[in-house]
């Protein structure tokens with residue numbers, strides 16, 4: 001993915017209409033059972049995979065998942081990159097993820113450029129995570145982790161709202177759903193991102209957390 005430098009988005013706000021490739025009704029297809037049930041079978045329950053090992057500190061465990069989620073969300077967006085010709089970086093219901101100061105600029109970047117910028121910023125922030133045993137975490141570790149996960153959540157929201165039709169055509173629904181469920185379940189367990197930032201995908205979270213029929217899932 002080509003990435004550009006820029007400033008991260010802040011809290012989302014509402015715009016009158018959704019800016020994406022799908023209508024409001026179409027972009028909610030991802031909540032329907034036949035689509036939400038398509039997830040990769042992980043071999044064990046996701047809740048068990050999220051359990052913190054006894055010999056690891058919580059910061060180490062959180063950092064491990066945040067880095068993995070960054071890689072997986074980046075891969076998901078790369079799959080729909082060429083289809084993203086959206087003028088605005090929006091999510092379900094027309095939620096606009098651009099920072100207030102960015103909305104006043106005459107030359108507004110496209111959603112694809114904005115997401116490229118966010119992924120670059122996430123990569124830079126993750127570069128400050130400790131990489132050696134015994135190396136201390138910075139004081140702002142939790143704030144940085146929350147910022148990264150919030151950006152990743154917004155990117156997933158944009159993919160679901162504006163590019164779910166492309167995901168269906170490429171048969172990538174199990175992969176997208178599994179990445180989204182990982183992020184949402186991880187946040188439910190460790191409460192890193194504020195609840196108000198997760199509201200944009202509350203309906204998806206409810207759909208993905210339903211008991212899954214293994215027969216309708218893909219295997220890893």
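Glycine is treated like the rest: Cβ placed from N, Cα and C.
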*Name the residue range among 1-25, 26-50 that TrEMBL annotates as region 'Disordered'.*
1-25
*Tally every other Cβ atom lying within 10 Å of the Cβ atom of residue 163 (Zn(2+) binding site).*
26
*So for residue 86 (Zn(2+) binding site), how many other CB atoms are inside 10 Å of its CB?*
19
*Within 10 Å of the Cβ of residue 84 (Zn(2+) binding site), how many other Cβ atoms are there?*
21
